[in-house]
Amino acid sequence: MGWAALGRRAGGGGRLSPILSLSLASLTSSLLLTVLCILTLAFTLATIVSAEDIFEEGKSDKEILDNLLLATRYDKRLLPPVQGTLTVNVSVLLLSLASPDESSLKYEVEFLLQQQWYDPRLRYSNRSRYEFLNAIHHHNDIWLPDTYFIMHGDFKDPLIPVHFALRIYRNGTVNYLMRRHLILSCQGRLNIFPFDDPLCSFAIESISYEQTAITYVWKNDEDTLRKSPSLTTLNAYLIQNQTITCPIKASWRADGQLIVDYEDEYDDFGDSKCSLCQRRFEEQGNYSCLKVDLIFTRDRAFYFTTVFIPGIILVTSSFITFWLEWNAVPARVMIGVTTMLNFFTTSNGFRSTLPVVSNLTAMNVWDGVCMCFIYASLLEFVCVNYVGRKRPLHNVVYRPGENPVTQRLPAVLSRIGIILASPLLFLTDKSRRCLQMRHLHSVKKGEKKREGSATATGGGGASGGASGGPNEIVTCTNCGPNPCTHTATNGCAAEVRKKEPPHPIRVAKTIDVIARITFPAAYFVFLTFFFIHYKGVS
């Protein structure tokens with residue numbers, strides 16, 4: 001009979017009732033929705049089957065990635081949909097270290113930066129023959145962390161345009177590898193150069209995602225950097241490195257005023273650590289940060305062979321003049337002036353390569369003290385030459401090889417009755433006549449003194465004149481220059497005269513003898529203090 005007949009019976013005039021019309025409309029809508037759902041499910045199943053077919057048929061990784069990165073299923077502007085915070089594992093592999101020269105504070109560091117995270121949208125079938133997909137040509141279509149470097153320095157442009165690698169594994173793990181070449185301006189203590197250990201630091205941070213969205217962690221909790229088996233170094237001597245999270249948090253207000261936690265502003269050595277640290281912006285948020293510290297040292301052998309050992313040789317060469325004769329003017333002048341000029345040339349040539357600083361450095365101390373020793377040895381020669389050329393008092397004759405003890409020995413022995421051979425037997429005629437004239441002069445002086453002592457009461461004057469001090473020599477005026485053959489009290493008139501001053505040549509030689517001991521000893525003390533002090537400070 002049909003719906004029309006029912007409608008005619010119910011309506012009685014060929015018209016459908018309103019209730020029946022609504023029922024028909026709702027039924028039609030339900031049928032349409034059911035058909036749409038079935039079509040959508042069929043399309044989805046067809047897509048999955050098609051994808052599985054592509055993976056199983058061994059299509060290229062580029063085709064698989066094209067399928068995975070369809071705009072309908074992947075949006076690179078969105079973070080990977082993971083529970084909680086997205087964790088980015090970071091590791092660094094050192095490739096090369098270099099410095100322009102030994103005294104520079106700029107170091108070139110080349111390394112591989114590996115970042116690894118999980119993106120469930122990029123999982124693919126395990127039945128594929130690919131262990132990982134090479135996504136180097138799809139890097140513009142995949143979400144990547146916006147990592148940037150905080151450092152004192154610049155980037156060095158890569159020689160090749162492609163300097164990264166991008167791999168996607170079956171479980172959705174993404175491995176992003178970048179090759180970076182940094183030129184870092186390091187922190188060194190030039191006041192103790194070359195005994196300082198420069199510190200180079202750089203940090204990595206997310207520029208737009210807060211710590212609640214992305215967290216950077218060191219892969220496998222590594223506390224040091226990994227070194228490549230083919231690591232090359234040039235004038236860069238790495239002694240220590242560490243990988244840490246940025247320890248300091250600084251707060252920046254909207255108006256630019258900085259609020260710093262002063263308890264953690266400085267490290268154990270008193271150096272500021274806020275240059276490369278985790279920054280927390282009050283309005284923008286808090287960001288995850290990782291830091292790398294590289295501690296270098298200087299090549300001690302280079303500085304010893306270039307600066308210290310040549311300086312020690314030049315200074316000790318200036319001490320050779322103390323063992324030469326006082327009147328060897330050409331030799332002593334040549335040694336003194338040559339060592340001074342050579343030291344000036346060596347030190348100025350080396351200091352021209354050092355950075356200029358205003359405070360006193362270890363190299364200034366070294367150059368200044370060494371130059372003082374060389375100049376002092378030259379002044380010692382001038383003093384010795386001046387003293388040796390002075391005219392002796394009372395025309396004292398200098399007899400090389402004698403000393404005051406041997407000169408007084410004949411007179412002392414004659415007083416106790418021991419007769420020695422006359423020293424006049426071993427003198428030339430000219431020297432003998434000179435001594436005889438001096439003897440006659442002393443006899444005349446003795447007669448004048450005896451005439452003056454006759455006016456004195458008693459024998460006090462004679463006894464007082466005969467008793468000399470330790471610096472007086474008693475001579476017999478009756479026996480002449482020959483040794484006395486009698487005792488001192490055998491009626492021989494005695495004359496007391498003062499000890500003659502030392503000859504200027506003897507004074508000059510004495511100065512040389514003293515300098516032979518004091519100069520090397522003082523320089524050895526300086527060397528010991530210099531190396532122990534500055535090495536201990538470093």
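Just so it is clear, glycine is given a Cβ too, placed from its N, Cα and C backbone atoms.
TrEMBL lists 457-467 with the feature compositional bias 'Gly residues'.
For the domain 'Neurotransmitter-gated ion-channel ligand-binding' (63-242), the predicted model reports an average pLDDT of 88. The domain 'Neurotransmitter-gated ion-channel ligand-binding' annotation in TrEMBL covers 63-242.
Annotation comment: TrEMBL describes 308-527 as domain 'Neurotransmitter-gated ion-channel transmembrane'.
TrEMBL lists 442-467 with the feature region 'Disordered'.
Residues or ranges marked as transmembrane segment by TrEMBL: 20-49 (among others).
Annotation comment: TrEMBL describes 301-323 (among others) as transmembrane segment. Tertiary neighbourhood of the transmembrane segment (301-323): same-chain residues 102, 194, 331-332, 335-336, 339-340, 342-343, 346-347, 350, 363, 366-367, 370, 373-374, 377-378, 380-381, 512, 515-516, 519-520, 523, 527, selected by CB-CB distance under 8 Å and a gap of 6+ residues from either end.
The transmembrane segment feature in TrEMBL is assigned to 329-345 (among others). Taking Cβ pairs closer than 8 Å, the transmembrane segment (329-345) reaches residues 311, 314-315, 317-318, 320-321, 370-371, 374-375, 377-378, 381, 385 in its own chain, all 6 or more past its ends.
Taken from TrEMBL, the feature transmembrane segment covers 365-388 (among others).
Taken from TrEMBL, the feature transmembrane segment applies to 513-534 (among others). Proximity of distant same-chain residues to the transmembrane segment (513-534), defined by a Cβ-Cβ separation under 8 Å and at least 6 residues beyond the stretch ends, is recorded for 192, 195, 312, 315-316, 319, 322-323, 362, 365-366, 369, 373, 376-377, 380.
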